[in-house]
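K.L.:
Sharing a structure, written as structure tokens. Questions coming.
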Amino acid sequence: MDIFLQQLVNGLTIGSIYALVALGYTMVYGVLKLINFAHGDLVALSAYIGLVIMMQLAGALSPVLLIITTFIATMIIIATAGVILERTAYRPLRKAPRLSAVVSALGASLVIENGIMLIWGPMPRIFPASAVPNANYNIGNVYISLMQVLVLIISFVLMVALYFFVNRTKLGTAMRACAIDQDAARLMGIDVNRVIVTTFVIGSALGAVGGLFIGMYYRGIHFNMGWIYGLNAFVAAIIGGIGNIPGAMLGGILLGIFNAFISGYLSSSWALALTYVLLIVIMIIRPTGILGERVAEKV
């Protein structure tokens, strides 16, 4: 029972991170019907930028202020990078065949990944211990760290805030309208370009939080981590229902718990393979994902 509860805590933690990153994939797909394959690399870039900011400001700020400053600055930088990515790699190809946008996305991904390697090198980097909350708690025989508590609380707050933004604000309503039919939304006076830019800003900023959490939770980062964590988050988005925001949240958390139990009861070497087995099973049972809805294709 103790192992079960411990792995549940671990799974909820990494699942919350997957959910934050998966939201970036699902939001862009919902509006543009495009998989932003460069999103995972923006997540990796956020970890490196966050590390640089922490190293530069360590000692000048209190630990709490250092973490807050790092998160805010990194979110702004990565959100800006997301806007640049949309305007240079995706916007010129909106009317092009869908394959062109996919190739552009993969190209952007390679540019970011290799840019990280050229700037920071191919060797892994370590987050300084002084910049990461290191308090630990024991609830019975279950171990939980302060970092896990922060990941769970902040992720929950951000996901709830996003849900209310999309469903209760004017701009959120515009995003949902564009997800249904961009042409109709444009005829109704909605600025589609503004909606798309906002989607990239929010998705990239959430990915930045996920990237920082990965670096601080595991303490180590490497230049190609975007493919690893980005791919898991993409799988989570598909499992939950790509294009569905609650689905991305649910898919991320379920995948995190699934991976934690596989690692705890079998071996971490099985986690990746069984993740794809889970994906195949869900696609067979429910092709649209757990919360996805079947939509008629316009011809």
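All positions are counted from 1 along the displayed chain.
Each residue, glycine too, has its Cβ placed from N, Cα and C.
Pasting the feature list from TrEMBL:
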TRANSMEM  12-32  transmembrane segment
TRANSMEM  39-58  transmembrane segment
TRANSMEM  64-85  transmembrane segment
TRANSMEM  97-122  transmembrane segment
TRANSMEM  142-166  transmembrane segment
TRANSMEM  195-218  transmembrane segment
TRANSMEM  230-258  transmembrane segment
TRANSMEM  265-285  transmembrane segment
K.L.:
Mind checking which residues of the chain, 6+ beyond the ends of the transmembrane segment (12-32), have their Cβ under 8 Å from one of its Cβ atoms?
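P.N.:
Distal contacts: 39-40, 42-43, 90, 94, 148, 151-152, 155-156, 158-159, 162, 175, 178-179, 182, 195-196, 199-200, 202-204, 206-207, 209-211, 213-214, 217, 229-230, 232-234, 236-237, 240-245, 247-257, 259-260.
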K.L.:
Mind pulling out the one from 64-85, 142-166, 230-258, 265-285 with the most Cβ pairs under 8 angstroms to the transmembrane segment (195-218)?
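P.N.:
Looking at each of 64-85, 142-166, 230-258, 265-285 in turn, the most contacts to the transmembrane segment (195-218) are made by 64-85.
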K.L.:
State, in range form, which of 39-58, 64-85, 230-258, 265-285 has the highest count of Cβ pairs under 8 Å to the transmembrane segment (97-122).
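P.N.:
Looking at each of 39-58, 64-85, 230-258, 265-285 in turn, the most contacts to the transmembrane segment (97-122) are made by 39-58.
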K.L.:
Please give the sequence-distant neighbours of the transmembrane segment (39-58): residues at least 6 beyond its ends with Cβ less than 8 Å from one of its Cβ atoms.
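P.N.:
Beyond its ends, the transmembrane segment (39-58) has Cβ neighbours at 21, 24-25, 28, 66, 69-71, 73-75, 77-78, 81-82, 85, 108-109, 112-113, 116, 119-120, 125, 127-128, 130-131, 203-204, 207-212, 214-215, 221, 223-231, 233-234.
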K.L.:
Would you mind listing the long-range same-chain contacts of the transmembrane segment (64-85), meaning Cβ under 8 Å and 6+ residues beyond its ends?
P.N.:
36, 38, 42, 45-46, 49-50, 53-54, 57-58, 108, 131, 133, 197, 200-205, 207-209, 211-212
